[in-house]
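**Q** For reference, the structure I am asking about is given below.
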There are 2 protein chains.
Amino acid sequence: MTKDDVLKALSTVQEPDLGKDIVTLNMVRDLTVEGNYVSFTIVLTTPACPLKELLKKNCIDAVQSINKNALVTVNFTSSTTTLRSDKGSVLPNVKNIIAVVSGKGGVGKSTVAANLALALSKGGAKVGLMDADIYGPSVPIMFGVRGERPMMIEVEGKGMIVPLERFGLKLMSIGLLVDEKNAVVWRGPMASSAIRQFVTDVYWDQLDYLVIDMPPGTGDIHLTLVQTVPVTGVVVVTTPQDVALADAKKGIAMFGQAQMNVPIIGLVENMSYFTPAELPQNKYYIFGKEGGKRLAAEYDIPFLGQIPLVQSIREGGDIGIPILMSDEDITKHAFLELAGNVARSVSMSNAHMKSEEIAEVVE
Amino acid sequence: MTKDDVLKALSTVQEPDLGKDIVTLNMVRDLTVEGNYVSFTIVLTTPACPLKELLKKNCIDAVQSINKNALVTVNFTSSTTTLRSDKGSVLPNVKNIIAVVSGKGGVGKSTVAANLALALSKGGAKVGLMDADIYGPSVPIMFGVRGERPMMIEVEGKGMIVPLERFGLKLMSIGLLVDEKNAVVWRGPMASSAIRQFVTDVYWDQLDYLVIDMPPGTGDIHLTLVQTVPVTGVVVVTTPQDVALADAKKGIAMFGQAQMNVPIIGLVENMSYFTPAELPQNKYYIFGKEGGKRLAAEYDIPFLGQIPLVQSIREGGDIGIPILMSDEDITKHAFLELAGNVARSVSMSNAHMKSEEIAEVVE
C-alpha cells in the first residue's frame, strides 16, 4: 500500500456539501503510510463543520476497501474559507462577515445572532459578535456587560475600540458606546453614519466569522452597511407567523436587489413551536407550523433550521445568560445545528455555489 | 313600607362604575310594593354589564335593611348609552363605535376584535363586526364565510351592503367585497377612500356596538376613519413584548393627538402567557410578564384584561371557529371578562368620566 494507493482510494470520498472529492479539493494533508498504518489530516473549510464523523467513516471505509487490515487515523484541522481578497481595506483580518437581519422586530433576531455566534465559537472558530441594532441594542443585557466601557488601543496610528470577551467570544455593542437614551433618537443619515464608524473603528483582529446583529427592518442603514463592509451574506430570521413572513419576504427582496446584491446564507425560523421544559415531548405550534420552511422553499434559499421556544414554569424570562451557555438542552441543540448549517452554507457560498444549489444540500 | 321608603333605601345603592346611586341615575323602574313583596327593574347602561349580581345583592340588602321580611324581586333590562346625537349622519342607528387597533401586526388584533364582538353579543347586546383591515382581512377565514358575496338592498334610494350574520353577530369584511389579491395593492389615498366608502355603505341598522377591526399601525387610514366615522373610542391591543409595547405607545400617542382626539377605551394585553390546554395550571410568560399592564398604568388608561395563549397538542392552529364559540374555556372566560370591561369603560366614558377616572375603576 503506497501513498498513491491511499490517495487514489481517498479520491472516491466526496465532500458532501461541495460535491467534489476530498483529494481534488486539496483537503488531505500530512499523509503517512507505514505497513498497515495510515494517517492523514483532513483540512475542513470550517471548524464548525457538522460532517466530520461522516467524512471520517467514509475515509476509513475507502482505505480499507484497498487493504482490509489498514489501521487508519484521521485527524482534522480547519482553515475557514473566505472570498475576501481586499486585505487592505475594512476589517482586513475577518474572513467572513455574517449579517443577521429580520423584516420586523420581535422575532428574536438578537437571540439568534448571539447564540449563533456562541455556537460557531463552540465549534472551534474565532468569532466576534457585533450588536449594531442602534434602535434596541441587546448584547449588554444578554451578556451581562451593561455599563462596561470598552478600552481603546492605537493600531497603526489610529485609535480603535477593543472588543470585550465573554464565553470565548469577542463582543461589541453600540449600547456600550452611547448613552441608552440617546441611541433611539438617531435617524436616517445620522444612524447610517454612526453605524459606519462603529463597524470600521472596532479592532476585531483575526476572526473566522463576525456576526452582526442588524437593526430590524429594511432601510437605508442596511444599504449603508453593505456599502461599507464586505458582507459575506445575510441570515434572515423570521417566525412562522404570517405577518413576520410577509416582512421577511421584503428583507429577502431587498438584499437581492442589484444595488445590494448580498448572498442570502439562509433563513432561520425562530419560535417554531413552544415546548414546556418539563414536557419536552409536547410541541405547541402556537404561531402556525413551518411557515419559515415553506418560505425558504418558495424563494429557493437554504433553510438553516428551526429554533423552538422552550420555557420552564420556574423562570419568567431573561436570566442574563445566553441560551447556549445555560443548561437548557433543546434550544442549545437547535442552535448548534443552526451554526453547523450556517458554516456549511458560507463554505459552499465561498466555493461559488449558488443559493439554490446550497438550498438543495442544506435541509 | 311605601314606594318612597323603598326608593329611599335604594338611593343608598351605588352604581359602582359611575360612582352615583342608582336612584339619582334613574336606573330604577316599574317599582311595585305589595305588603312584603317588592319588585322593580334596574335599567343597566349595557347588557354586557358584569356587575349585575353585585347590584342585585346590594339592592336586596338595602330593602331588607328597612324591612327584614321583605321579599325582593330584581329584574334587569338595559339601554346601552351613547354620546351620539348626530342621528342624521353616518351610521345613524349605531350607539357606540369601537375601533380595535394595534401599533404593529402580529399581536392578535383581529382575534381580539372578533371575540370581543362575540362576547359583547353573548351578553345580550346587538353587535356588528366590521373587518376594515384592508392589508389582511381575517373575518372571512375566522368565521368560515370565505367566498360568500353579501347582498345589496335599497335604503332611502341608496344601494347598501347587507351584513352577513353568524353566531348572532352582524359581519362585514373588506375581504368579502374585493378580490383577495387586489386588496394588498391599495396604498395611501386609495386605501383611505376605500375604507371611507366601506364604512358608510354597509347597512348595519340598529346596533349597541359596532366593533371595527382596523388595519395595524398608525397611519393616514386611521385619521380618515376618525374623520369619517364618529368613533366612540379605541381599544389598543398589544403583547407583553418590548417591541409591541413600543408600537402600542405610538398608537396611544396618535389617537390622543389634537387632530384625532379619540378616547382610549383601554388596553388589552394579548398572548399574556402560554398555557397548554392539558395543563391549565401552568402559565409560561414567554413574552415577558405584564408589560401591557405596566404600559396602561404608565399612560393612565384602563387596563381591560389579559388574554392567554392556550393550545392543545392535538390541534395545530386555525380551526375556523372563533375561540368564543369553541369549547376552550380559559380563553373564552378571558374574552368575556374583557367584553365586560370594554362595556363598562364605554358606559363610563359616555357618562363623561375621564380616562384616568375609568382606569381607577377598571382593574
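Backbone N, Cα and C define each Cβ position, glycine as well.
Those TrEMBL annotations? Automatic predictions, nothing curated.
Below are the features listed in TrEMBL for this protein:
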BINDING   A:G103, A:K104, A:G105, A:G106, A:V107, A:G108, A:K109, A:S110  ATP binding site
DOMAIN    A:3-74  domain 'MIP18 family-like'
**Q** Would you count the other C-beta atoms found within 10 angstroms of the C-beta of A:K109 (ATP binding site) for me?
**A** 27
**Q** So which of these binding-site residues, A:G105, A:G106, A:V107, A:G108, A:K109, get their C-beta under 8 angstroms from chain B?
**A** A:G105, A:G106
**Q** Secondary structure at A:K109 (ATP binding site) (DSSP, helix/strand/coil)?
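**A** Reduced to three states, the DSSP call for A:K109 (ATP binding site) is helix.
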**Q** Once near-sequence residues are set aside, which residues in the chain of A:G106 (ATP binding site), 6 or more away, have Cβ atoms under 8 Å from its Cβ?
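**A** Expected: A:P216.
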**Q** Take the domain 'MIP18 family-like' (A:3-74) and count its residues per DSSP category (helix H/G/I, strand E/B, coil), listing them in that order.
**A** 23 helix, 23 strand, 26 coil
**Q** Looking at Cβ-Cβ distances, which residues of the chain lie under 8 angstroms from A:V107 (ATP binding site) while being 6 or more apart from it?
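**A** In sequence order, A:P216, A:V237, A:T238, A:T239, A:A244, A:N270, A:M271 meet the Cβ cut-off.
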**Q** List, in sequence order, the same-chain residues at least six positions removed whose CB sits under 8 Å from that of A:S110 (ATP binding site)?
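**A** Looking at Cβ-Cβ distances below 8 Å from A:S110 (ATP binding site), excluding near sequence neighbours, one finds A:D131, A:D133, A:G136, A:S138, A:V139, A:M142, A:D213.
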**Q** Between A:G103, A:G108, which of the binding-site residues has the fewest other CB atoms within 10 angstroms in the structure shown?
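**A** It is A:G108 that, of the binding-site residues A:G103, A:G108, has the fewest other Cβ atoms within 10 Å.
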**Q** Report, as a single number, how many Cβ atoms besides its own are within 10 Å of the Cβ of A:G105 (ATP binding site).
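**A** Cβ-Cβ neighbours of A:G105 (ATP binding site) within 10 Å number 24.
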**Q** Which whole number is the mean pLDDT over the domain 'MIP18 family-like' (A:3-74)?
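**A** Its mean pLDDT is 94.
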